[in-house]
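Notes follow once the structure below has been shown.
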Amino acid sequence: MRIALKEVPVLSSHHADIPKNRWSWRLLYNFLLYVSPVALLTVAFPFVTPILSKNYVGSVPLIQIILAASIVVPWLSQAVCMPIYRALESEHLKVEDARREVQEEAAILKRDHKSKEAQELLATLDTDPKYQHISELRAFSRHWGYLYLVGLPIAFLFAIPVVLVLHWDMVALVSFLFLSMLNVAYAQLLIVPNVAKNRPLWFFAWVGYTIVLLTLPTVWFLPPLVGSAILFSGIGREIKQLFHFSRLPLGAAYRDVIRGLLTGSILWADKYVLFLVTNGKIDVIAIYMSLVPCVIAYNYFFVVESNRVNGSIQRLWTLFNKLPFNEIEPEAHAVVRISHASVRNTLIVSVICSVITGILMYIFVPNTFPLAYAGLTVAWLFLAMALFIYQLEYMTMFKTVHIIGAVHLLIVTVAFSIIPNDGGYLPIIIGEAILALVTWILYRRAWANPEYSLFWRRALAW
């Protein structure tokens, strides 16, 4: 039985042909696009918060509903987006399997001395649409409608504890559920700029989101709706593919959802649990400003460092086909060095950003300390774990990753249950430091001999 595991694609495989200066500018451009939501929303929310605080939905202040949504969305997004990547791969595998069947049938015909029939059959590989490789945008469009519906129960699952703990009335409950539905669509459609290879679309969607938030802050459903409309425009001519309504097996889809919940909990679960145990009374500035260095460093990793790791692994794949296994070891050691450097550089970026953020917070919002210090510390630990987990997933250690995510979620839940306030971050820091150390050891062991790990990964793929 073949397991659907393929080599990690190089995000920008052509970058070696681009002059160094031009490539550096491109990296900077992509990085600024990635972090643009942080900058836009950081600027917008201080202006709209006073207005949101004065308006109510039912008997609930609008600001509380927006805050709840802001806490839920990042974690929810990782869960509802995870099945989409399996769906994209399934479409490509479907075509590969169909083409392989034709090639095998043609080979049989040739053995039976039916060369003409074999040639006619092979010619269909170039003429029949079902044998043609499709774009990722088309694959996304075929699956999105179904996977949006798959994600809705998860949105409702996140909403139930919030509503029960905060005792919202029916109007606020329905509004929050509707906002969650819009956020699921927006989160999934944010994949469109990647699959359409149209990164500016990401920026324009967030600009549209922010402009509506600034100009019509009390029309709470408009920002994700406008952002989704901008992203939806990126589907373009593939819009007719939406009617395919292709479906993953439900079990496979929800396994990916669970995986997304566990890995997403690393960065986002603590805010959600703290919000619940404090009945929605959290220091938003301290908690979210202390997360900014982590977000910047995380985006730095995916814009700059992950390309290097992907490229080195892709080169290792090609060497498997060219060199004897015992001659691959030097290249494998180079891959290990690149992987370790990517993690180290990202954590250094996070430390630098944390120092700058800490100084700015101490100057402009000194009342946020010592919570801000705790937030910066725990965010750095979360980032380290997220990076180690990402590297473990390269080696297909998914069960290990799930266990780490579950242990992290347990630490956060128990800590805030015992100390239901900001003070819960102290035991979390201790527990996460131990868990991060364990995860680091697992990562180092997994990458000690990548030529063996990746060789068996390829073997399992077939």
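Residue numbers in this text run from 1 along the chain shown.
Keep in mind that glycine also has a Cβ here, set from the backbone N, Cα and C atoms.
Per TrEMBL, the feature coiled coil maps to 85-119. For 27-48, 60-85, 145-164, 170-189, 201-222, 285-304, 347-365, 371-389, 401-419, 425-443, the entry in TrEMBL reads transmembrane segment.
Same-chain residues lying 6 or more positions outside the transmembrane segment (347-365) and placing a CB less than 8 Å from one of its CB atoms are 285-286, 289-290, 292-294, 296-297, 300, 372-373, 376, 379-380, 383-384, 387.
The transmembrane segment (201-222) makes contact with the transmembrane segment (27-48), as judged by at least three Cβ pairs under 8 Å among residues 6 or more apart in sequence. Mean model confidence for the coiled coil (85-119) is a pLDDT of 86. Proximity of the transmembrane segment (170-189) to the transmembrane segment (60-85) is established through 3 or more Cβ-Cβ distances under 8 Å for residue pairs spaced 6 or more apart. Below 8 angstroms of C-beta separation, residues 258-259, 261-263, 265-266, 269-270, 273-274, 277, 385, 389, 392-393, 425-428, 431-432, 435, 438-439, 442 of the same chain, each at least six residues beyond the ends of the transmembrane segment (401-419), sit close to that stretch.
Counting Cβ pairs closer than 8 Å to the transmembrane segment (27-48), the top stretch among 60-85, 285-304, 371-389 is 285-304. With a cut-off of 8 Å on Cβ pairs spaced 6 or more residues apart, the transmembrane segment (145-164) and the transmembrane segment (60-85) reach 3 or more such pairs and are scored as touching. Beyond the transmembrane segment (60-85), the same-chain residues lying 6 or more positions past its ends with a Cβ under 8 Å from any Cβ of the stretch are 49, 52-53, 140, 143-144, 147, 150-151, 154-155, 158-159, 162, 166, 168-169, 171-172, 175-176, 179-180, 183-184, 187-188, 190-191, 218, 220, 248, 252-254, 256-261, 263-265, 267-269, 271-272, 275, 280, 284.
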